[in-house]
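*Asks:* Attaching a single structure in structure tokens format; questions to follow.
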Amino acid sequence: MSGGVSRPAYCVGRRWWSRETRQYLVLGFHRQQLAGVLVLPKQCPTQGSRQRFHHEGGRLLPPHLLQLPVQLSFRFQGALARHLVVDDFAINTMCTQIFDHYFRRLVNLIVETLSEMQSANQLQGPQTGQCNSRNASSPSNGTNVEFDKRLLSKITKNDTFEYEEQRTMIAYKAEIEIKVLSQGQLAQNGTWNRESRIQPLANRTLQAARRYFRVGTAEAIPWTIKKRDPLSKLPMKNPDGSYVWDGYCIELIQTLANMMDFDYDLVVPDDGEFGQKVNGVWNGLVGDLAKGQTDIAVAALTMTSEREEVIDFVAPYFEQSGILIVMRKPVRKASLFKFMTVLRLEVWLSIVGALTLTGIMIWLLDKYSPYSARNNKHMYPYPCREFTLKESFWFALTSFTPQGGGEAPKALSSRTLVAAYWLFVVLMLATFTANLAAFLTVERMQSPVQSLEQLARQSRINYTVLDNSTIHQYFKNMKSAEEKLYQVWKEITLNSTSDQVEYRVWDYPIKEQYGHILQAITQVGPVKTIEDGFQKVIESENAEFAFIHDSSEIKYEVTQNCNLTEVGEVFAEQPYAIAVQQGSHLQEEISRRILDLQKDRYFEALSSKYWNQSLKSLCPNADDNEGITLESLGGVFIATLFGLSLAMITLAGEVIYYRRRNGANLDDSAAAAQQQQQQQQQQKQITMKEAESSVSAMDQIMIQKLAAKLQLKAAPAPIAFGDEQIAVKPSKPRVSHISVYPRPFPFKE
């Protein structure tokens, strides 16, 4: 584990006393690393950073001294030395406890010295905030000299500290026993002190162990993923009970461990967060790193100015991260009657209404126009089509077919109506044909929105973000910025003495959208986990929900799920980087390794592994036109079968109606025809007998031939309809109603 850094700082009189040094000590074989550093900052603290110092076991700085530019701010980052035994401390003592002991005693000495000088009226300092003034460095007041004299006097008499005059540094004195736990027993291997450093025992040999770090991480796909069992789908665990991790960041930290020769353990924050400032306290990865509970943070951690106030970032390893919108591709629902959806219901009803009205108008015009064929039969030597109400409706209906409605009316008024109706029919058929071709073609999956601006302007699609995430904070910050800009504009317009039009309050030139977006997110409610956000998107089959999240995670999910699609472009780009403790020596070392990996194109290969664009080729391509399927045209066949069935039912109705209406007349006609036929047969027999008796055999033959001819020209035989005989009258020549110049039918005599 990495050692700690403590920073006591104070401004005495009008002069800063500051030095910095670092020492590192490797303890034993078990990857323990101990660091003790006394650091005095090189800059005067700002007014906002002055705090009252309090430490359990130490003294409180007297309140009246707070009026002086004196600051005692301490920040210690320590780690556990698991098998370390130190004089006066118990086994498995925290290194923080060891160094807190030294720092407490040092603070006591400083406070005692300041208190003594205050009591003796020897502490004279500048006004608050004037540490960097030129007069502050002047030794004429004697405050600095007196402070150094008193403090060094106390240090030389103290058995805990010593003063190195050459480096102007206060160092601690300690004798540390190095013991290693082996088979339940602690065996001493050597000692350590500042003068002789590590001294192994006579029969022992100490070797430098691999460095050991606690690496903080947080779960985020595909950066850090808990590996799951292929069968049970449950997270896999190591023999020690820890989870087995996989992902982009896990491979990266393993590569760095091999390059830098260190061991590590993965540590997940208790709250699982990346790091947000809640009530002035950082949580998650950033909080653990700032408190010294971890040495390195490797995760999908964005570099922000707020986080850099408490931790340090190394060179970015992923520079394309930002914010992106993900939605589901609309689900194409196959319909047998899809051709009916080409036009909306109100359009279909309008077409039926136009057809009905046109049929009625044709009938009225043909009936009452003095120039119609019905009212001027003497002007047309041939039979013309008579437009009854039934015939008018048939004409209006068949006008939608390719063969047309047949013979048109003769009157000019009727033809004017028909011409206007035909224009309507042509336009409607062209519109229907064009839309039908587009509908029967495979639909391209276009998202309803294409950008964040379009998403903000509409109200049909709901959207949300991850609760307490950097994206959520981004929209809060942008809303605050919009409000501040509006207040500035309002002050300018209200306080302006100009009468120019551009200074009107209601002509605010900036489009406010982030406030509306944040309001919509609040109404829907942020999701608690990333999985919930993607699940809501997948459940919305009509593409009526969007999830605004990190672009890298969205792009990964899109490659894994064929139903998802990216919307718009990436915005608010921020890089990802590894974080270390503030002031850690690891910052420079890891940065160099990151640059080496970039030079070797390591990150490009790693990105292509987790964002494999070739996986999209496995998804069914909705843009490929595979022809028109039966699902799309099945309704046409159903409509045809329905027409056939309706025709058969109509035929049955016609027969039944005709029989009930003309049943008696049919019976009388059949009986008369049968009686007439019998009389003809009897008369024929009588005639044959008379002829046989009066003529010769040759004459009989001629008579038989003549009778046969007469029989051929006789009345047609009745038609048998069941058990009944129906007499059929000779057909009259018919007139075609389709030809403009009709002629008798049949055409051949």
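Including glycine, each Cβ sits where the backbone N, Cα and C put it.
Relevant sequence annotations retrieved from TrEMBL are reproduced here:
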- 121-143: region 'Disordered' (REGION)
- 222-291: domain 'Ionotropic glutamate receptor L-glutamate and glycine-binding' (DOMAIN)
- 224-613: domain 'Ionotropic glutamate receptor C-terminal' (DOMAIN)
- Thr302, Arg307, Asp550: L-glutamate binding site (BINDING)
- 347-365: transmembrane segment (TRANSMEM)
- 419-442: transmembrane segment (TRANSMEM)
- Val449: site 'Crucial to convey clamshell closure to channel opening' (SITE)
- Lys476: site 'Interaction with the cone snail toxin Con-ikot-ikot' (SITE)
- Cys562-Cys619: disulfide bond (DISULFID)
- 633-657: transmembrane segment (TRANSMEM)
*Asks:* Expressed to the nearest Å, what is the distance separating Thr302 (L-glutamate binding site) and Lys476 (site 'Interaction with the cone snail toxin Con-ikot-ikot') at their Cα atoms?
*Replies:* 17
*Asks:* Here the recorded positions are Val449, Cys562; which one has the lowest number of other Cβ atoms no more than 10 Å from its Cβ?
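*Replies:* Comparing Cβ neighbours within 10 Å for the recorded positions Val449, Cys562, Cys562 has the fewest.
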*Asks:* Return the residue, from the listed recorded positions Arg307, Lys476, with the maximum count of other C-beta atoms within 10 angstroms of its C-beta.
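*Replies:* Per the Cβ count within 10 Å, the most buried is Arg307.
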*Asks:* If we check Cα distances from Arg307 (L-glutamate binding site), which of the recorded positions Val449, Lys476, Cys562 wins as closest?
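*Replies:* Considering only the listed recorded positions, the nearest one is Lys476.
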*Asks:* Once the chains shown are all counted, how many other Cβ atoms turn up within 10 Å of the Cβ of Thr302 (L-glutamate binding site)?
*Replies:* 24
*Asks:* Look up Asp550 (L-glutamate binding site) in the DSSP assignment and reduce it to helix, strand or coil.
*Replies:* strand
*Asks:* Tell me, how many other CB atoms lie within 10 A of the CB of Asp550 (L-glutamate binding site), whichever protein chain they belong to?
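*Replies:* Result for Asp550 (L-glutamate binding site): 25 other Cβ atoms within 10 Å.
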*Asks:* Going by DSSP, give the three-state secondary structure for Val449 (site 'Crucial to convey clamshell closure to channel opening').
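*Replies:* SS state of Val449 (site 'Crucial to convey clamshell closure to channel opening') = coil.
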*Asks:* Other than Thr302, Arg307, Asp550 themselves, what residues in this chain have Cβ atoms within 8 Å of the centroid of the L-glutamate site's Cβ atoms?
*Replies:* Phe274, Ala300, Leu301, Met303, Thr304, Ser321, Thr470, Gln574, Tyr576
*Asks:* I'd like to confirm something. Which of the recorded positions, Val449, Lys476, Cys562, has a Cα closest to the Cα of Asp550 (L-glutamate binding site)?
*Replies:* Lys476
*Asks:* How far is it from Lys476 (site 'Interaction with the cone snail toxin Con-ikot-ikot') to Val449 (site 'Crucial to convey clamshell closure to channel opening'), counting Cα to Cα, in Å?
*Replies:* 23
*Asks:* Give the helix, strand or coil assignment DSSP yields for Thr302 (L-glutamate binding site).
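*Replies:* It is in a strand.
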*Asks:* Distance check, please: Cα of Cys562 (disulfide bond) against Cα of Val449 (site 'Crucial to convey clamshell closure to channel opening'), rounded to an integer number of angstrom.
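*Replies:* The Cα atom of Cys562 (disulfide bond) is 19 Å away from the Cα atom of Val449 (site 'Crucial to convey clamshell closure to channel opening').
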